[in-house]
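Quick look at what Swiss-Prot annotates:
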BINDING   Glu68, Glu93, Asp120, Asp143  S-adenosyl-L-methionine binding site
ACT_SITE  Asp143  active site
BINDING   Lys147, Asp179, Thr216, Lys217, Phe218, Glu219  substrate binding site
Amino acid sequence: MSDVTTAEFNEEGKYLRKVRSFVLREGRLTKGQAQAMEQQWPKIGLDYTPEPIDLVEVFGREADTVLEIGFGMGASLVAMAKAAPELNFIGIEVHKPGVGACLAEAAEAGVTNLRVYHHDAIEVLENSIAEGSLACVQLFFPDPWHKTRHHKRRIVQAPFAELIRSKLKVGGVFHLATDWENYSEHMLEVMTAAPGYKNQSATGDVVERPAHRPLTKFEARGHRLGHGVWDLMFERV
């Protein structure tokens, strides 16, 4: 599940820190996760800075960059990085055990094209990522906040869509996925109304899961139980 920060804005479109779109459940690190934090963070961890990072300097090369918001335990993100060594990947996660698990997984997989933030995703996007610098932004299985009174906590709102658009290159893609049909309808409504995007679905709604997005264990179990998953892909134009 993706867990990210606030979804409330002031009149100028600036994010406010009032409504969180995640529940902070820190949890204790396992021995392996703690070891990965100690050994791997200096190699692929990114410390938050309030100014844009230089992607060429960070990765030591020029390449298209994919950013994932809320990577959970990181298994699918590491799998994607390993499967596409020609791309740069950045993952953002607020929960430390997930970061530790991702670092351990990355070390085991031997990936060198992945960097990780343990920080608030909105702050990273607003301040650390240059405009027009990303080839793709991924938001997979964000908290659906399924109760109506909690819908304001959903991360996918109009100002958030604009923030993502500003960070994408022209032709870059915002890829969303959810296993809550109501949230997929909300996502579609927000993204269809958002200026500067084109839906990549030929039917104007959802797309089939692309081959590059790994099928998670949770998702595979859902399929066996007859649960749906909805992917949406919107291109910056």
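Glycine too: its Cβ is placed from the backbone N, Cα and C atoms.
Features as recorded by Swiss-Prot, highlighted on the structure.
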residue : record                               : Cβ contacts under 8 Å, 6 or more apart
Glu68   : S-adenosyl-L-methionine binding site : Leu77, Phe89, Ile90, Gly91, Ile92, Val137, Gln138, Leu139, Phe140
Lys147  : substrate binding site               : none
Asp179  : substrate binding site               : Phe141, Glu219, Gly222, His227, Gly228, Val229, Trp230
Thr216  : substrate binding site               : Ala75, Ser76, Phe141
Lys217  : substrate binding site               : none
Phe218  : substrate binding site               : Phe141
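Cβ neighbour counts within 10 Å, taken over all protein chains shown, single out Glu93 as the most crowded of the binding-site residues Glu93, Asp143. Residues Lys147, Asp179, Thr216, Lys217, Phe218, Glu219, recorded as contacting substrate, have a largest CA-CA distance of 25 Å. The DSSP secondary structure for Glu219 (substrate binding site) is helix. Residue environment of Glu219 (substrate binding site) contains 19 other Cβ atoms, counted within 10 Å of its Cβ in all protein chains.
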